[in-house]
Amino acid sequence: MAAVHDLEMESMNLNMGREMKEELEEEEKMREDGGGKDRAKSKKVHRIVSKWMLPEKSRGTYLERANCFPPPVFIISISLAELAVFIYYAVWKPQKQWITLDTGILESPFIYSPEKREEAWRFISYMLVHAGVQHILGNLCMQLVLGIPLEMVHKGLRVGLVYLAGVIAGSLASSIFDPLRYLVGASGGVYALMGGYFMNVLVNFQEMIPAFGIFRLLIIILIIVLDMGFALYRRFFVPEDGSPVSFAAHIAGGFAGMSIGYTVFSCFDKALLKDPRFWIAIAAYLACVLFAVFFNIFLSPAN
């Protein structure tokens, strides 16, 4: 076992050494061709993103066609929309508790409310409303830090698919497992991105972890733990004048990411619609959605 481990470490070191050599050669070539500093910096950014987001076998393909067209429009747009809605409610009806909800937001047409489940848009629009400063900042930071590199690699359509799958999974799961609670925040979508990314990291652990860095990974895990802590607080330890908020979206979004998200993010250089894993994940997801719809119509305690 020790010999195998030594061989794996030696192979990893050789790969990293080869990549560094290729970087130096490419930068030298750009200088000779008059490519300029801007082009060299852009290429360096794409190389870093490829190491963090892709296994080694896919990095070359990405770097050959790497560009910022289209730019990461989806993640930036959804983040601006969430921030705009938060500012609107904070100014119109200032929140009395920075980590709970007030009556102004509880009456919002965006929030998921168990009494108004027939308004189907609420199963998606709840992602625009947040339960306080730390809630909006936590979600925005996580989805921008992870979502922008993901969208640079996989483009907006795929990232949007995973994000919205997590949002819908979050509200439907909450309607089943916590049927009498309100739901706000984009955590379902954020955790879907994280679930898909980290499944890809785990499957390609030996290739991606050295490039990504254990320290960065631990920071992200710490952020997740803190976010889950606040979610549990909002659910179980709210003040008397506050309203408990479900945290089921975090878990359901993570599972959506580990299924659909992993399949989407692991098919970087392949046709997604031709991958049987994608259709298996979609079929399982739709089965869960249909069950949730049936539950809400016929079995929910909120009826």
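Keep in mind that glycine also has a Cβ here, set from the backbone N, Cα and C atoms.
Copied over from Swiss-Prot, here are the features:
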REGION    20-39  region 'Disordered'
COMPBIAS  28-39  compositional bias 'Basic and acidic residues'
TRANSMEM  72-92  transmembrane segment
TRANSMEM  128-148  transmembrane segment
TRANSMEM  159-179  transmembrane segment
TRANSMEM  183-203  transmembrane segment
ACT_SITE  Ser187  active site, nucleophile
TRANSMEM  212-232  transmembrane segment
TRANSMEM  245-265  transmembrane segment
ACT_SITE  His250  active site
TRANSMEM  278-298  transmembrane segment
Proximity verdict for the transmembrane segment (72-92) and the transmembrane segment (212-232), three or more C-beta pairs under 8 Å: no
Winner by Cβ pairs under 8 Å against the transmembrane segment (212-232), considering only 128-148, 183-203, 278-298: 128-148
Close approaches to the transmembrane segment (245-265) from elsewhere in its chain (Cβ under 8 angstroms; 6 or more beyond its ends): 53, 100-101, 131, 150, 154, 158, 161-162, 165-167, 169-174, 176-178, 181-185, 187-200, 203, 227-228, 231-232, 234-235, 238, 272, 275, 277-278, 281-282, 284-285
CB contact flag for the transmembrane segment (183-203) and the transmembrane segment (278-298), at least three pairs under 8 A: no
Cα-Cα distance linking His250 (active site) and Ser187 (active site, nucleophile), given in Å to the nearest integer: 6
